């Protein structure tokens, strides 16, 4: 093992005098600067920490944070069918409630992306998770439509801080070799968490207890507790981040080499069980792609609000310069149309499942198109709304429980998600992300087109299930996004792309709500076609492995090989 001196040399003496390029076999090979003893590029220093217990813990926490976003935004879809007696929501209001959480996410995504790239990943994720839980608890006491809308908007505003930033945060703790697998590993945890959601809904919502709170003018029912339960994972993750460090790559990009080195030493000790003093790196320098823009004195002297807006613009503008504009537009477009279907169609999933279950119970062994069942249910709701002023009729027609088959089908969907994430995680380094994305979106799109054309409701529901699996493509595309942008732009790029995706969720939830009751067939077929087209667009995304200039590793010995790690 090669040993290094502990003395602190000046940073200037560690950096190279000149970067050269040679031509070998017709290929341009970029030579890295010659480094002094004990100095390493970040990627190599990170590799010395190995992949171990810390990485698994971080993947678990990241996956739970992603699952928390799903529970907070999509858990409302289980609440809407059973809260009718208390909130008296119209079809239009239910559409607004389905989308309002995503509206909160959209409104804050740009802000959180900017702050994550300028103040730190953890410093944004941690407080926003905790504040999101506070708004969740308060929203469970809502007594009318508008109070619930405002509080769910504020909840979405907060949880956006963790939903997009977590991809950059997790990715920066891993080398290029393990980065995509780590992100898909967290997506698998997300899938497991999503799989638990129908079970939690079944255990909580279908209970009989009631808690009168006369001083608030409401009766606390199981569906209200379900909203709180959906926010608990985010609260626990927010607390756990008090013990997890800031991204070392971000610290280095901000010129905080000592802090970065300390984080790497802690990871090294946690993963290997060795003393931090045995960490064989004395200095770390940024990789060649990480030229961080520093703020000028003129910007610092400006009005704080003006400086903030200028900084946000300077952080966003590079995403749309000549180098990245096509990539950014493609990623945003694909995310938009994937979210339109993935979340827009899912918001009405429990409702449609419940309608089909009621139809099958009333008409066993009957065949019917899924859209005909939806139309019949809509007529029933209209009749209920006409009679809503008659209390006896209201209590007779509104439901406070969901049919058991609704939970069963939802559980199957989430199980398929977990299996899908596991499979993709196993092949993502062997097969092009663009290929995986196309196969995923094309298969889901084909099933969406087939769903309204099948006269057997149960088979049509399974086609509907597969249509909703298009959400697998969201994480594949996010993993690709992390690879396509340098550190200084990474969090903003993911936030912008997911902001467009959440805009797709809002558009999708409202369009589906407007069309599903009268133009059900068009809703399914257009969703399927848009997914297939989005999958084809994926082939135009640059391949980072192909476009990257290869580095001549023969110019210096690998620290990893020297240390034997």
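Every residue, even glycine, has its Cβ placed from backbone N, Cα and C.
All TrEMBL annotations are machine predictions without curation.
Record features (TrEMBL):
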type	residues	note
DOMAIN	56-546	domain 'Major facilitator superfamily (MFS) profile'
TRANSMEM	56-80	transmembrane segment
TRANSMEM	92-112	transmembrane segment
TRANSMEM	124-143	transmembrane segment
TRANSMEM	149-170	transmembrane segment
TRANSMEM	182-205	transmembrane segment
TRANSMEM	225-244	transmembrane segment
TRANSMEM	324-349	transmembrane segment
TRANSMEM	411-428	transmembrane segment
TRANSMEM	435-455	transmembrane segment
TRANSMEM	461-482	transmembrane segment
TRANSMEM	494-516	transmembrane segment
TRANSMEM	522-541	transmembrane segment
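Beyond the transmembrane segment (149-170), the same-chain residues lying 6 or more positions past its ends with a Cβ under 8 Å from any Cβ of the stretch are 58-59, 62, 65-66, 68-69, 72-73, 76, 96-97, 100-109, 112-113, 116, 121-122, 124-125, 127-129, 131-132, 135-136, 138-139, 142, 182-183, 186, 231, 234, 237, 247, 478-479, 481-482, 490-491, 494-495, 498-499, 502. Below 8 A, the CB atoms of the transmembrane segment (522-541) and the transmembrane segment (435-455) form 3+ pairs separated by six or more positions in the chain. A Cβ distance under 8 Å defines the sequence-distant neighbours of the transmembrane segment (461-482), meaning residues of its chain 6+ beyond its ends; these are 167-168, 171, 179-180, 183-184, 187, 190, 331, 334-335, 338-339, 341-343, 345-346, 349, 352-353, 356, 370, 409, 412-413, 416-417, 420-421, 424, 428, 433-434, 436-437, 440-441, 443-445, 447-448, 450-451, 454, 490, 493-494, 497-498, 501, 524, 527-528, 531, 534-535, 538, 541, 544. Averaged over the domain 'Major facilitator superfamily (MFS) profile' (56-546), the predicted model has a pLDDT of 82. Among the listed stretches 92-112, 124-143, 182-205, the one sharing the most Cβ pairs under 8 Å with the transmembrane segment (494-516) is 92-112. It is 124-143 that, among the stretches 92-112, 124-143, 182-205, 411-428, forms the most Cβ pairs under 8 Å with the transmembrane segment (225-244).
In terms of C-beta pairs under 8 Å, the stretch of 92-112, 124-143, 182-205, 411-428 lying closest in packing to the transmembrane segment (56-80) is 182-205.
Stretch with the most C-beta contacts under 8 angstroms to the transmembrane segment (182-205), considering only 92-112, 124-143, 411-428: 411-428.
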